[in-house]
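Peer 1: One structure, pasted below without further comment.
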């Protein structure tokens, strides 16, 4: 198998992972809107920033060292977390401004979620999906190429880097959330 074939396989793998993460994120956001819940109050608010990148690297580690299907599933989860955390501000902003008006016209919450909310926040969805697709494709391409040179050392480094990014991403999300609470107490 030549290098071009390996790169194409990695790009297709990243596209499938991103597509699955997109579908999960869309389903989750749609259900939160239908249930009349704000996205910014979900448990995913604690897993922003570096956390999904750490989960993605952990998924690559699992693909390379342990079990490729489980690693791909972990990467789907990281894509889901990244997309939801990226689209939350735009979706919540549109939802808070337009929900009452559109629902008063007789539309159901499901119609509102799909026809209006998704349609008007499509730029957020496309950019989040494209950004994480590129990150995953580049990571898969370079990690699979590098793993052939130093198998044990690179896999261990990737594991520790992923754990570090997940822990620090979670801590930074908590700190950011804590600062938001402090600001709202002052007002």
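For all residues, glycine too, the Cβ spot is worked out from N, Cα and C.
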Peer 1: Quick one: sort out which of 49-66, 103-120 is the transmembrane segment according to TrEMBL.
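Peer 2: Matching range for transmembrane segment: 49-66.
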Peer 1: Between the transmembrane segment (158-175) and the transmembrane segment (72-91), do 3 or more CB pairs sit under 8 angstroms, pairs being 6 or more residues apart?
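Peer 2: They are not in contact.
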Peer 1: Top stretch among 6-29, 49-66, 122-143 for CB pairs under 8 A with the transmembrane segment (158-175)?
Peer 2: 49-66
Peer 1: Are there residues at least six beyond either end of the transmembrane segment (122-143) with Cβ under 8 Å to its Cβ atoms? List them, or say none.
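Peer 2: Same-chain residues near the transmembrane segment (122-143) but 6 or more away: 6-7, 10-11, 13-15, 17-18, 21-22, 25-26, 52-53, 56-57, 60, 63-64, 75, 78-79, 82-83, 86-87, 89-91, 154, 158.
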